[in-house]
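A.B. asks: Right, I'll just put the structure down here and ask away after.
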Amino acid sequence: MDFRGHGNTVTPNEHDLSASTLARDVGNVITALYGDENVPPIIMVGHSMGGAIAIHAAVQFLVPSLAGLIVIDVVEGTAMEALQGMQSFLRGRPKQFRSLEYAIEWAVKSGQIRNLESARVSMVGQLKRCSQECQTVSDQVPSCSASEAIAEEDEELENPKDASSPTQQQEEVSASTSVPYTWRVDLSKSETYWKGWFEGMSNLFLSCAVPKMLLIAGVDRLDKDLIVGQMQGKFWMQVLPQCGHCVHEDQPQKVADILASFLVRNKLAEAADEFVRPSPAC
């Protein structure tokens, strides 16, 4: 689902991004979909901040039929450390893009997403037309091929991991020039809520009384509480190396296989005859 202030969701107050408000939104969406009775078993899956909100919704019992919890690449210790440099990161990325293709190019060449096809799907939901405050661009995915969408530069970028490096002079044009796309949500204005998303998250995750899995890009992301909890068998952990923060976008097929294995392992689904469980990784 798109949180308030994200993607195609429009609410009267898009600036209230507190953990409690977003968690209530999750519960309200489920109630709107299914009502209060005969709600099917639900497995919540969340990435980064979305994973943190899934945990908050779970511990507040806002999803009564919750059957499983999967969080992707979000760990309290790592997240809290990263917050110290978040404003600097946000200032370093382009504020505007002249086209969807330039935005997709930036996402891939900066290393934010390592899968071109994923970037062509996910980036459009993060943008809006500058001229229309609430209009998002989910229905405006470019139909051109990947080779047409991303024009290769003649020279290698000096620093491909720098969020502001790819064709930045082309993307950050002067205020007098019309630039059609900007970010859907101004994350810098949500700083007051950042700490509330992640603080205490590891223990909250461990306290959830449902089958749960942590999917991360590297074991170096684990904090002490999660290391102890994993050794005690309190959750299932899977590691997908050679991925960036957007694990599910960089390796969508492997993530799908792992999620399917989690469902089968916990008897939340039956395996198809041809299904082969991925090898455990920890």
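Including glycine, each Cβ sits where the backbone N, Cα and C put it.
Unlike curated entries, TrEMBL annotations are predicted automatically.
Owing to the predicted nature of the structure, the values given are computational and were not obtained by experimental measurement.
Residues or ranges marked as active site in TrEMBL: S48, D73, H245. Here TrEMBL flags 162-175 as compositional bias 'Polar residues'. The domain 'AB hydrolase-1' annotation in TrEMBL covers 1-257. For 149-175, the entry in TrEMBL reads region 'Disordered'.
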A.B. asks: If you average pLDDT over the domain 'AB hydrolase-1' (1-257), what do you get?
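C.D. replies: Per the prediction, mean pLDDT sits at 85 for the domain 'AB hydrolase-1' (1-257).
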A.B. asks: Between the Cα atoms of S48 (active site) and D73 (active site), find the distance and write it as a whole number of Å.
C.D. replies: 6
A.B. asks: When DSSP states are folded down to helix, strand and coil, where does D73 (active site) land?
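C.D. replies: Assignment for D73 (active site) reads coil.
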A.B. asks: Using a Cβ cut-off under 8 Å and a sequence separation of 6 or more, which residues in the same chain sit near H245 (active site)?
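C.D. replies: Spatial neighbours, sequence-distant, of H245 (active site): S48, D73, Q112, A217.
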A.B. asks: If you draw a 10 Å sphere around the Cβ of S48 (active site), how many other Cβ atoms fall inside it, taking every protein chain shown into account?
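C.D. replies: Counting Cβ neighbours of S48 (active site) within 10 Å gives 18.
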